[in-house]
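Annotated features, as they stand in TrEMBL:
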| type | residues | note |
| --- | --- | --- |
| COMPBIAS | 9-23 | compositional bias 'Basic residues' |
| COMPBIAS | 62-75 | compositional bias 'Basic and acidic residues' |
| DOMAIN | 98-318 | domain 'Alanine racemase N-terminal' |
| MOD_RES | 126 | N6-(pyridoxal phosphate)lysine |
| REGION | 1-23 | region 'Disordered' |
| REGION | 43-80 | region 'Disordered' |
C-alpha cells in the first residue's frame with residue numbers, strides 16, 4: 001500500500017504545529033494571570049513596526065518541497081542563487097569564507113556607526129558532515145549552530161575531541177530537553193513554558209546552567225515558530241522562576257524575501273521588544289540574534305549582536321531553508 005503523500009504529511013505537520021501553538025498560548029495566558037502586575041500592552045508597537053510596513057507573506061515557505069521551490073527559497077534568502085556559494089572543503093576554503101564574512105560584518109558595523117567586535121558570528125552547520133566540521137574547526141570555528149537536536153547531539157558525541165561548543169537554534173520538543181541540557185552551550189529558540197520547565201528541570205538535575213534566547217515570530221508567518229510579539233514580555237516575566245536558564249536576549253527569523261523593506265521591520269520589531277524588556281530588567285545583556293547568510297548586513301544595521309551564517313561559510317545546501325525552518 002502506498003504511503004502518505006508529501007502534501008498530506010505537510011498538512012498533518014501544520015495541524016500539529018497549530019495545535020501546539022494553541023496549547024502553548026493557553027499555558028502562557030495562564031501564567032500571565034498569575035503575575036502580580038499587569039503586563040504592558042505592545043500590540044500597537046507591533047502594528048506600527050510590521051503591520052503597515054510589511055506586505056503580506058507570500059506563503060512560499062508552505063509550498064511543496066519541489067526542486068523549483070528549493071531554488072526559489074534559496075534565492076529569497078540571499079537575493080541571488082545560493083549555488084554561488086561554493087562548497088568549502090579545505091582549511092584554506094573555510095579560512096577564506098570566514099574572512100569574507102567577517103570583513104562584511106566589519107563593514108556593516110562601520111556603516112551603522114557601531115564598534116568593531118559588537119557582533120558574534122555563529123557558523124550554522126546543519127546538514128554539514130562531521131569530516132568537514134573538523135576542517136572548519138581547524139580553520140578557527142569554535143562554536144557550531146544546529147537546527148535539529150538529534151543531529152547536533154550525534155555531532156557532539158562524534159566530535160568530542162574538538163574544542164568546540166554547540167548552539168541549538170531550532171524548535172525544541174520537550175522530550176529532547178534532556179539532550180539539550182546535556183550537551184548544548186546555548187539554546188536560541190525558547191518560545192513556550194513547557195520547554196522552559198523541561199530544560200530547567202533537566203539542567204537542575206545536572207547541576208548546570210544554560211544560556212537561552214527567546215524566539216519571537218516577528219514576520220507573523222504561521223510556518224515559523226516563536227512567540228507572538230504581544231506574548232514576549234509576559235513570557236519573560238515567568239523566566240526568573242527557572243534559575244538554570246540564563247536569559248541572554250531575543251532571536252528571530254525574518255521573512256524570506258529579497259525586498260529589504262519587508263525584512264527590515266522584522267529586525268526593528270525585535271529590537272523594540274528588546275528595549276522594552278531591558279527597561280523592565282527582564283533580559284540580561286539584551287542580545288539580538290538576527291540575520292542569516294542573505295540578510296545579516298541588514299540585521300547588523302538594525303542592531304544585531306549575533307548573526308547565524310551557514311551557506312556563506314560552508315557552501316550552498318542541496319535543500320531549501322524552508323525545509324529546516326522552523327524545524328521539528
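Yeah, the Cβs are placed from backbone N, Cα and C, and that goes for glycine too.
Unlike curated entries, TrEMBL annotations are predicted automatically.
A quick note: this is a predicted structure, and the numbers were derived from the prediction, not measured.
Summed and averaged per residue, pLDDT over the domain 'Alanine racemase N-terminal' (98-318) gives 97. Within 10 Å of the C-beta of residue 126 (N6-(pyridoxal phosphate)lysine) there are 22 other C-beta atoms, taking all protein chains into account.
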